[in-house]
Amino acid sequence: MVVQLDQIHFFIFHEVLKIFKTMPQLFKTSKKIDELVINTIRFLSVDMVERAKSGHPGMPLGASHIVYLLYDRIMKYNPKNPNWFNRDRFILSAGHGSAMLYAAFYMFGFDLTLEDLKAFRQLNSKTPGHPEYGLTPGVEVTTGNLGQGFGNAVGMAMAEKFLSHYFNREGYPVIDHYTYVLVSDGDLMEGVSYEAASLAGHFKLNKLIAIWDNNHITIDGDTKLTWTEDVLKRFEALGWEVYHLEDGYNLDLLEETILKAKESDKPTFISVRTHIGYGTPLQDTPEVHGKPMGKEIVEETKKKFGWPLEEFYVPEEALNYTRRKVEEGKALEEEWNKLYAEYREKYPDLAQTLEKALNKEWSLDWLEKVEEFKEDMPTRKASGKVLNVMADYIPTMIGGSADLSESVNTVLKKYGDFEADTPTGRNVHYGVREHAMGTILNGMAYHGGILPYGGTFLIFSEYMRPAIRTAALANLQVIFVYSHDSIGLGEDGPTHQPVEQLWSLRSIPNLWVVRPADANEVKYAWEIALKRKNGPTAIILTRQKVKTIDRSKYASPEGVRKGAYVIADTEGKPDVVIIATGSEVQVALGAKEILEQKGIKTRVVNMACCELFEEQPEEYKREVLPPEVTKRVAVEAGRDTGWYKYVGSDGLVISLNEFGKSAPGSVLFEYYGFTPENVANKVIEKWFS
């Protein structure tokens, strides 16, 4: 075997680094410099909160040493290229501690200035109240809603596990990094953290390390008010390696524990006993959690620590020490670049696949391979067929469902299950854990290299709404697949029948909602989702069979690419325009036939995606919905909430503004008036009687 020189250098570098990390006594800093940097982070955070007259000083005072240790001794990263792909990831799930994170970023050489810290929580600053992905260099995820970051961390660790096993080859560990997440008491009270932790243990995500800022305090008081379970035993039962550090401020012990965790074959949960508002008169009380302490207490605390009263004081010694990480990070990335260059030369096809995935260059070659559907079928079934064609062209597309894979048709039949022992499987079984599924999908998207999708019934989108909203806020390319989209699902009744969900989802900024009308429109819904790289897409599908529209009679399904299109027109200027979505397009087409027979010129517009339609040029929008045609109707088996924007205040909306009933879907459509005859009659009654 011929070993390249650069390989030898890389091997030696990492072996030496490994020795240093497993022999802490060779790698230790003085306690003096540790304390100096930690206190700098603490008091920068306090000063940020005081200047903003808003924020959370308690966590930075109590937990800055944890963040310091990770960035100083544990993690590999490049402050000047925080997007280096093989970096370790750190997630502050307890996003209210953001001041601490920004202060650490400043100290360790990320692209933040002291002026940025002074602009904490101010309009258009780089230091918002809670971390926002894409806004602040170094922030890995958008956090604030407690529990979300924990689930994101699980998703990141899953992405690393899949990608490393898919792409790495012997001697070329091009994907090899850890995910660290700092969680609060509140994070662990949230149900989503339990859901996500259960999956992490099941999948044996050994490169996931969660650190609990165990300070015993919530806003309402001591955690004993509401929380008396044994959290450590809970995590142990979930399959985690568990440690508790009663001496939570012993840096060497914490470092030693993290290094042990890195050798485990399971995810690790480290409980660190801390004190909120450490060192202040308000220590261990809720009063120090979420508001400025005030000048008097700040000065008293600084004096106690022997700290200058000057605001935003940064000792030169501390800054010089932490800024060494800039050169260290640069060297780490350069070494990796050398390794990757060799990998690229030896495995060009794999490298090209990885690079396309990282750049979100998802193949669209599958479009022409999807069959033209002739038979009538549920759109969920068509979606499953489309997915299984797509999967051959997008090797890092990973999907799953919340225990509904056969119902929502999310299974990639040739590609196996993602499990602890089969990490290159592409079907994730989330169990009945919708919220965790949403946060994990987001985590995969944050990580990069994965095209994630997840499915459940539309009604259960409610269980994952915080994750959907965060995906939209963070501009993540995540695809949510929701079937059983109306009363058309039938006998399961109103507990399962969506009514308010369509407009509820459409109300989320930056979320696109696509509801195809038949099987042949489904592939274009997926195309929209793949092309949309700066935000999430929800694809809405039927349980019930819908007719496959005769495209020799009606417009091509390609019109979906513009969000809305004229699927059926009339001669000359229309008297009335009927707008419909999904399965109700069939109803609108039937109503058109009745109205035309009565001499009423009718246009039918298929509004598959309102958000995409709004992106079109004004000229196109006026062509589809001529301003001079004011007799407009919207037909959708859900709430009428947003349709008046399109039909006008004098328009007609045929909708469902009450909960459904348990009965066959076809019976319910007739009962609630979603029939061609009823729509036609309503139009005639309003304008032509």
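Each Cβ is built from the backbone N, Cα and C atoms, and glycine gets one as well.
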Additional site residue, Asp185, Asp247, Asp252 [criterion: listed by Swiss-Prot with Asn215, Ile217 for Mg(2+)]: Asp185
Cβ neighbour count within 10 Å of Ser407 (substrate binding site): 15
Least surrounded among the binding-site residues, given as Asn145, Asn215, when other CB atoms within 10 Å are counted: Asn145
Arg380 (substrate binding site) and Gly186 (thiamine diphosphate binding site), distance between Cα atoms, whole Å: 38
Rounded Cα-Cα span from Phe460 (thiamine diphosphate binding site) to His484 (substrate binding site), Å: 10
Residues flanking the Mg(2+) site, with Cβ no more than 8 Å from the Cβ centroid of Asp185, Asn215, Ile217 and excluding those residues themselves: Ser184, Asp213, Asn214, His216, Thr218, Thr223, Thr274, Ile276
Three-state secondary structure, which DSSP defines for Arg380 (substrate binding site): helix
